[in-house]
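Visitor: In case it helps, TrEMBL gives these features for our protein:
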- E157, E195, H198, E281: Fe cation 1 binding site (BINDING)
- E195, E248, E281, H284: Fe cation 2 binding site (BINDING)
Amino acid sequence: MATTTTLLAIPAGNGVPCESANTIQNYYSFKLASSARTRDALPRIINWRCRSSRNGNGTMTMAALPVVLKQDAEEEWMGYLAPEKLEVLAHLEPWAEAHVLPLLKPAEEAWQPSDLLPDPAALGDDGFHAACRDLRARAAGVPDAHLVCLVGNMITEEALPTYHSVPNRFEAVRDLTGADATAWARWIRGWSAEENRHGDVLSRYMYLSARVDMRQVDRTVHRLIASGMAMNAARSPYHGFIYVAFQERATAVSHGNTARLVGKHGDHVLARVCGAIMADEKRHEAAYTRVVGKLFEVDPDAAVRALGYMMRRRITMPAALMTDGRDNDLYAHYAAAAQQTGVYTASDYRGILEHLIRQWRVEELAAGLSGEGRRARDYVCGLPHKIRRMEEKAHDRAAQAQKKPTPVPFSWIFDRPVSVVIP
Ligand SMILES: [Fe+2]
Ligand SMILES: [Fe+2]
């Protein structure tokens with residue numbers, strides 16, 4: 001095992017407050033790994049992180065924090081690709097057939113975007129125009145800050161081709177032919193089919209609302225899909241399922257909060273749209289949480305070490321590489337708007353972790369844990385408290401500095417400024 005200190009992780013919460021850049025730099029020493037694999041894979045991402053993370057006041061968001069970890073830690077996840085580890089997933093396939101696949105909804109039962117939007121064929125010209133006028137009148141009451149969050153969520157959903165490829169990198173479960181009959185492969189395709197409706201319905205709604213610069217939004221989607229996403233331990237099913245379980249809950253929280261907020265501002269139809277998406281995300285969360293729960297049951301030491309690995313690097317939001325070609329800090333600004341409006345906050349990140357710790361009974365793990373497994377368990381179980389303290393510190397710092405919101409123009413809404421507090 002190499003012990004070279006290496007800059008290797010891309011941790012990111014969604015605007016989770018953190019220590020100042022100087023503190024971080026003092027704490028960590030930055031040194032790129034000597035291995036060609038790491039050197040080749042990371043500079044593009046690291047450069048983006050460092051460029052986009054700096055704010056005028058010298059602070060950073062977690063969305064952009066570089067972390068120095070040991071190279072042997074990076075290689076730890078490669079051990080999960082050993083045949084005996086992958087066999088665990090292969091043996092679980094009948095279980096997935098019985099306990100995971102039923103959480104999908106077939107096309108006949110699932111809502112479709114056309115159920116939630118004005119239908120020109122059914123309404124006729126006059127009826128359709130009247131329905132669009134009503135839609136615009138309702139959408140007009142949604143504040144720009146909430147609209148920006150909604151557009152950011154929609155852009156995230158629209159990068160589905162990227163997410164479809166994510167579980168197809170997980171060894172032992174991926175869809176090798178594109179039409180495999182395994183339970184895992186059918187889940188991946190069925191899940192993607194459900195996800196496909198989310199960006200679709202939101203995009204059509206935004207289009208009809210006439211409040212959004214759709215060309216700028218479409219360009220951002222285009223760029224995001226072209227940029228892809230960064231995910232730690234990308235080929236390990238243990239790490240990958242943990243990542244997706246966290247993400248599905250984060251997405252459910254985000255859409256659920258958006259539903260509540262836009263409903264409060266009078267757009268009850270949009271609230272219903274976001275609520276329908278949230279319900280899907282909750283089913284997806286249940287499926288992935290169930291898979292990881294099973295891994296905790298059959299291989300607790302490996303599962304808890306994988307969870308520790310992922311949480312040390314934090315869960316990167318899938319749209320972290322978004323750019324509109326104008327704002328170099330677009331993702332940070334979107335995350336700040338989400339924090340400020342309450343669409344997705346640092347507390348939500350902590351709450352998700354607390355929930356998953358309870359779901360997987362991480363605190364109760366004892367039997368069969370290695371020393372490393374026990375350390376991972378203790379780290380994960382202590383993390384919510386640390387995050388809460390960081391939240392309090394950030395709150396105190398903000399209060400001390402009496403941080404005023406900064407107007408940030410968003411190209412998605414014709415450069416109208418939204419006041420956000422930059423962490
Ligand atoms: Fe989704
Ligand atoms: Fe989902």
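From the backbone N, Cα and C atoms, a Cβ is placed for every residue, glycine too.
I'd like these features described in context: how deep, what's nearby, how far apart.
Guide: When Cβ atoms from all protein chains are considered, those within 10 Å of H198 (Fe cation 1 binding site) total 25, not counting its own.
Secondary structure from DSSP puts E195 (Fe cation 1 binding site) in a helix.
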Visitor: Return one of helix, strand or coil for H284 (Fe cation 2 binding site), based on DSSP.
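Guide: The residue in question, H284 (Fe cation 2 binding site), is helix (DSSP, three-state).
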Visitor: Round to the nearest Å and give the CA-to-CA distance linking E281 (Fe cation 1 binding site) with E248 (Fe cation 2 binding site).
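Guide: Cα of E281 (Fe cation 1 binding site) to Cα of E248 (Fe cation 2 binding site) measures 6 Å after rounding.
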Visitor: Quick check for the class: what is the C-alpha distance, in angstrom and rounded, between H284 (Fe cation 2 binding site) and E195 (Fe cation 1 binding site)?
Guide: 9
Visitor: In which DSSP state, out of helix, strand and coil, do we find E157 (Fe cation 1 binding site)?
Guide: helix
Visitor: Give me the count of other Cβ atoms within 10 A of the Cβ belonging to E281 (Fe cation 1 binding site).
Guide: 23
Visitor: I'd like to verify something. Among the binding-site residues H198, E248, H284, which ones have a C-beta closer than 6 angstroms to some atom of ligand 1?
Guide: H198
Visitor: Beyond E157, E195, H198, E281, what residues of that chain have CB atoms within 8 A of the centre of the Fe cation 1 site's CB atoms?
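Guide: Leaving out the recorded residues gives L160, E194, R197, G199, T251, H255, I277, D280.
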